[in-house]
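Everything on this sheet refers to the single structure shown next.
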Amino acid sequence: MAGTAPNSPTRQPRTVDNPLPHVLPEGQNAAPLEVMGSTASDKVVVIMVGLPATGKTHIAKRICRFLSFFHDIPAQIFNVGDYRRKLCGTQMPAEFYNPDNPEGLKARMMACDAALADLVEYIKQDGVRVAAFDATNTTFQRRQHIIKVLNQQGIRSKKIFIESICDSSTILDDNIRNVKLNTPDYRDVDPEEAVDDFKLRRANYEKVYEPLSERDGSYIKIINSKQYIVNAIRGYLPLKIVHFVMNLHTLGRTFYLTRHGQSEYNLLGKIGGDSGLTPAGTEYARRLAQFAKEQIIHKDGVERPCRLWTSTLRRTKQTAQFIEHNKFEHMWDNGEKFEWIQLRRQERRNLDELYAGTCDGMTYKEIEEVFPEEFARRQDDKLAYRYPRGESYMDVTLRLEPLAQEMERTREPVLVVGHQGILRILYAYFMGLDRKEAPYVSIPLNNVIELTPHAYGCHEKRYCLMMKEEMLNDGQDEPVTSMPEKGQAPPGVTKRDSSVMAENMIFAATDPIMNAPSC
């Protein structure tokens, strides 16, 4: 036998004495610590400060959303305005907020203390890490009252003030009209009357406004979403919040998410791989380019700078191949001029599809036959399941964290040409879904999903650029599974002009073509 000394007995397999192996308590699908909240041991109370319409609620909600979704750190926002509406009703006049109005002042203090009491009960819970107290908190006296109550209740967590300052009339007007007028305080009120009333409300707060200073302790000061002052902040979780906040802005922005066109592996029902597009996929690429030209790059008849991100895999790059890239001069908000290449493609490795490891290139049927135990484990826990020598949705969530931060930072519209598994996570993050829901989100082929985040959630619109019936002229037999379900398009779904677009806008979750296998 090769490798055996002459005239010696056949070498026996070596045995290893390992009576106490290191077994992960989470099992074979153990998730990385960074997405399990295990690294963060501090408790933090974030206290918002600032005049109305400066983006405080948006900032507080994004912080809580980011920490809970990407790091599994329990976080909750306590909005004093919600408590005030429960106690006093909606549509209170501007005079209610006058600091010289004792009744209004008493009512607002009651709302503050009610929210604070609930925050205290929440932050005391085991496992809870972050609570955000969302209110104007415009005076030093009010801020000291909050700190005093927390200390009296035994809340020894770190306290960070975050002050949002906005002195840009353009940004303020945009925030008032697009955010504040959509709150219950101004529902069914004439827009111009509502704007005037809100400006009077803001002026009442300005009378007593005291910006943060050294005497307030640890704080982050945000000025017009482009200047940041950080004072006396230490620790893993507080600095994680600082880093995230410095990637935030309160300006409106839009994301367009789409899967690549139908790939050769989609047609065969295989997962993963690096196959190219089918003829149907190439046709979708042409329509996507036209959609980008008509719907994305122009706003109110004026061309605006936009970004294009793809993965490094062939099918996404080929889907973006027909998009035009003209050049024009663009001025940044700091006054610098720059030659902008419209929708210049950026390949991003963290947008690559979830890697199926040993199962890459197989159909789900083949996986079930060859690796029945693996197939069953995936069925039991799709979020945490990790393919042999591959990835899990939890692993992908970890590598998408920096990309999500960049999406929060980016001010231009972004067209993301990606993969089903990847887009599921991004969609779930911006739409406020639980991580456990992400692996089951419907991201069909041939559709563009438009997401517009705002302070109180995220608006969604869907555009179907190519119907399923147009993809059947490929000479292949359709897999025997469910067909599209007939019905009216749900709210937010827009049908694009097409000779074949009729009623089939809603597709069953198991539809073999529009929901072609991914990972």
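Heads up, the Cβ atoms here are built off N, Cα and C, so glycines get one too.
Residues or ranges marked as compositional bias 'Polar residues' in TrEMBL: 1-15.
Annotation comment: TrEMBL describes 1-25 (among others) as region 'Disordered'.
If you look up TrEMBL, you'll see 40-250 marked as domain '6-phosphofructo-2-kinase'.
Marked as substrate binding site by TrEMBL: Arg259, His260, Gly261, Gln262, Ser263, Glu264, Tyr265, Asn266, Arg315. Counted within 10 Å of its Cβ, the other Cβ atoms near Gly261 (substrate binding site) come to 31, all protein chains included.
Long-range neighbours of His260 (active site, tele-phosphohistidine intermediate) (same chain, six or more residues apart, CB within less than 8 Å of its CB): Leu277, Gly281, Leu313, Arg315, Thr316, Gln318, Thr319, Val417, Gly418, His419. Taken from TrEMBL, the feature active site, tele-phosphohistidine intermediate applies to His260.
Feature annotation from TrEMBL assigns active site, proton donor/acceptor to Glu353. Glu353 (active site, proton donor/acceptor) has a Cβ environment of 26 other Cβ atoms inside 10 Å.
Residues or ranges marked as region 'Disordered' by TrEMBL: 475-495 (among others).
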Least surrounded among the binding-site residues, given as Arg259, Ser263, Tyr265, Arg315, when other CB atoms within 10 Å are counted: Tyr265
Average pLDDT across the domain '6-phosphofructo-2-kinase' (40-250), rounded to a whole number: 93
Spatial neighbour of Glu353 (active site, proton donor/acceptor) that is closest, considering only the binding-site residues Arg259, Gly261, Ser263, Tyr265 and their CA atoms: Arg259
Max CA-CA distance, Å, over listed substrate-binding residues Arg259, His260, Gly261, Gln262, Ser263, Glu264, Tyr265, Asn266, Arg315: 14
